[in-house]
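According to TrEMBL, the features are:
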- 12-29: transmembrane segment (TRANSMEM)
- 41-64: transmembrane segment (TRANSMEM)
- 71-92: transmembrane segment (TRANSMEM)
- 134-157: transmembrane segment (TRANSMEM)
- 165-204: region 'Disordered' (REGION)
- 168-204: compositional bias 'Basic residues' (COMPBIAS)
Amino acid sequence: MIFAMVFVCTRICQITTMIIIMGMLSWFVDKFVGANVLTPTSILILFIVSVLALAWALFTLFSYHRSSANAFFVAVIDIAIVGALIAGIYYLRNIRFASCSNTPSASRLWTNQLGGNFNALSWSPEGPCNMLKAVWAFSIMNTVFFAWTAFAAFMHGDHFSAADERRTRKHHHSSRHSQRHRSRSRSHGSHYSHHSHHSRRVYV
């Protein structure tokens, strides 16, 4: 019950924030594609990760019962998403030094901080900068969210394994006990039959 509440609530948070990340990054991707310019790595990595993470979060949320039964597998995929998010955060790390004011200095302008193909297009100094800072912050939040669901799934899977082991031992013990009981019953029945036959012979 606790696992279900933690898993579902955190998955909803992941889906909500991933939709925001994917929406904002898709705007950047569309700009670069429209200008026939290669999308920078800092945008592309987080965009791909956000699409995959969103699809995974939706799948595991709507197939919760299957996810619960395959908790270890869910934990492994969630940890892989954490690693991919960390890679994207690393590539976009310089956005934290950018100034999103209307008149930033050249050294604090977000396009200069990120470099690459950003300078090939004309950008507003405020809107895109704020969007990328929001993407960076939401990505950090999702590393925590996915790490938490991975831990919860791992603990749930460990609990399932322990319960299965106890169930197997109990079944094995009960089956041995029933076999021993049947064996004793046969032995007692055979002894009783032999005794009855002997008694009838003496009586006759």
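Placement of Cβ uses the backbone N, Cα and C atoms for every residue, glycine included.
Just so you know, TrEMBL annotations are computer predictions that nobody has curated.
Owing to the predicted nature of the structure, the values given are computational and were not obtained by experimental measurement.
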Spatial neighbours of the transmembrane segment (134-157) far in sequence, C-beta under 8 Å, 6+ residues away: 3, 6-7, 10-11, 13-14, 17-18, 20-21, 24-25, 46, 50, 53, 67-68, 71-72, 74-76, 78-79, 81-82, 85-86, 88-89, 92-93, 95-96
Intrachain neighbours beyond the transmembrane segment (41-64), with Cβ under 8 angstroms and 6 or more residues off its ends: 4, 7-8, 11-12, 14-15, 18-19, 21-22, 25-26, 28-29, 32, 74, 77, 81, 84-85, 87-89, 91-92, 114, 116, 135, 139, 142, 146
